[in-house]
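Down below is the structure, laid out as C-alpha cells.
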Amino acid sequence: MGDVIVLYASPGMGHIVSMVELGKFIVHRYGPHKFSITILYTCGSIVDTASIPVYIRRISHSHPFISFRQFPRVTNNITRNISVPAITFDFIRQNDPHVRSALQEISKSATVRAFIIDLFCTSALPIGKEFNIPTYYFCTSGAAILAAFLYLPKIDEQTKTTESFKDLRDTVFEFPGWKSPLKATHMVQLVLDRNDPAYSDMIYFCSHLPKSNGIIVNTFEELEPPSVLQAIAGGLCVPDGPTPPVYYVGPLIEEEKELSKDADAAEKEDCLSWLDKQPSRSVLFLCFGSMGSFPAAQLKEIANGLEASGQRFLWVVKKPPVEEKSKQVHGVDDFDLKGVLPEGFLERTADRGMVVKSWAPQVVVLKKESVGGFVTHCGWNSVLEAVVAGVPMIAWPLYAEQHMNRNVLVTDMEIAIGVEQRDEEGGFVSGEEVERRVRELMESEGGRVLRERCKKLGEMASAALGETGSSTRNLVNFVSSIT
C-alpha cells in the first residue's frame, strides 16, 4: 500500500468536506504514487445528515486515491440539559477505541506518515503518539482564530470569576496580534457558558494544540494580518511553552464541478441564468450557510431593508427555526416562502430581486460577474469562497466562532462591513440597518474601495496555490517534516 496520510474528521458534513479538500490538495501536489489518503469518520452522531454517505460515494468514485473508513455506529449519550456540542464531544471520545484499531490495521499494510486530526478530535492525539505517528491538527478557521484558540487557556487561567462569558456584557478580551478587543459575549459559542461541559472540553482542546507536531491551517499568508502571523510565530499565543510549526495551506474550498452535481438542477439554472442577465457587480447575494436560519420577524426586517435599498439581490431563505431563539436548522424542509415574507414583497421586487428557497450553489454564484457583494454569516468556508471570488462582504455572524471572524474581517482584514446587532435581542438587526449597510457596500466610495481590495486578494488567493505560491511552499514544508 506504500505511504498513507490518515485524516480524522469531526462529525458533520462541513468537517468531512474540509478534510477531503486537504487530502485532495496533498494528492494533487504529490500524486498518488507518493501518498494515498485515508479519512476516518464516525457513525451515529446527532449532527449526521443523509447527504454525508451520498457525498462520500461521489468523492470515492471521482478521487480513487482518497479512501474512507467509517467507524462502527456509536450511540450518543444524550442527557437532558446538556448542549449538542457537549454530547458531540462525548460521542467523539467514545470513538477512541475505533481510532486505535483503525491506525493499528492501516499500519499493518502501509507506513502512516502523518495523522491529521480536527480540533474536536483531540482525544485521538495521544493515540497517534502511541503508534509513534507524527500527529497534526487541521484548523478549519483562519490564523486569527488559531491565535485566539492558542491563547484561550491563558484567558481561562486569568479570568478569576465563576461568571460565564455570556454574562460579562461589559468585559472585553485582547488576543495577541488582533487589532481590536473582543466582547466577552462574542467569544466562540462553545465557551460562552462556563457551566456547560463543552466549556472545559474546549479549553482542554486548545491547551493541547501546542502538544502536536504541527498545525495545518486553511488560509493563506497574504490574507492574514501580519501582526497575527507574527504573534503566532513569535510564541505570544502560547506564553508558557513552545509553539509547534504552523503551515498555512489554503484557500481549500470545494470545486464548482463537484458542487453542481448535488444541486436541484431547475432552481440552480434559474438563479444562475437570472444572474447572467444582471449588470456587472450590481447584485447583492445573501446566504447564511448550510444551517443559518432566522425567525419570521427577522426575515421580514431583511426584506424591508432590501426593498428600501433599491438594490438588486439574490437571497437564499431557509425555513425559520422551530425555536424562536435558535439561529440554526438542520435539513432543508419545505415551507411556504410567501408566508414568511412581507405581503407583496416578492411581487414588488420581482424586477430586481430573486428569492430562492433553502439552497443556491454558493461557489458558482460568487464567481458570477454580476455579483458585487455578499451578506454572510461569517463561516470560514464562506469567507474563503468570497475571498477567492474577490467579493466584499457584509458580516452578519450567527453562531460558532462567527462573531470572532466578524471582528477580524471588519477591523483586521478590512474586507467586510459589519451589521449592528442588538445583543440584548438575540442579535436582531433592523430593516433600517440592513438598508444602511447594503447601500454602504453597493453605492458608497467606501464600498468601492472594499471591492478593489477584495479583487486583489482574490488574485493573491489564486497565486498562493500556484507552483511558487506561499501555500504550496508551506505544503512542501509540511511534507518535508513527515518524510
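Every residue, even glycine, has its Cβ placed from backbone N, Cα and C.
For the UDP-alpha-D-glucose site that Swiss-Prot gives as ALA360, GLN362, HIS377, TRP380, ASN381, SER382, GLU385, GLU401, GLN402, the extra residue drawn from THR111, THR122, THR135, THR140 is THR140. Reduced to three states, the DSSP call for HIS15 (active site, proton acceptor) is helix. When every Cα pair among THR140, ALA360, GLN362, HIS377, TRP380, ASN381, SER382, GLU385, GLU401, GLN402 is compared, the largest distance found for this UDP-alpha-D-glucose site is 23 Å. In three-state terms derived from DSSP, ALA400 (anthocyanidin binding site) belongs to neither a helical nor a strand segment and is classed as coil.
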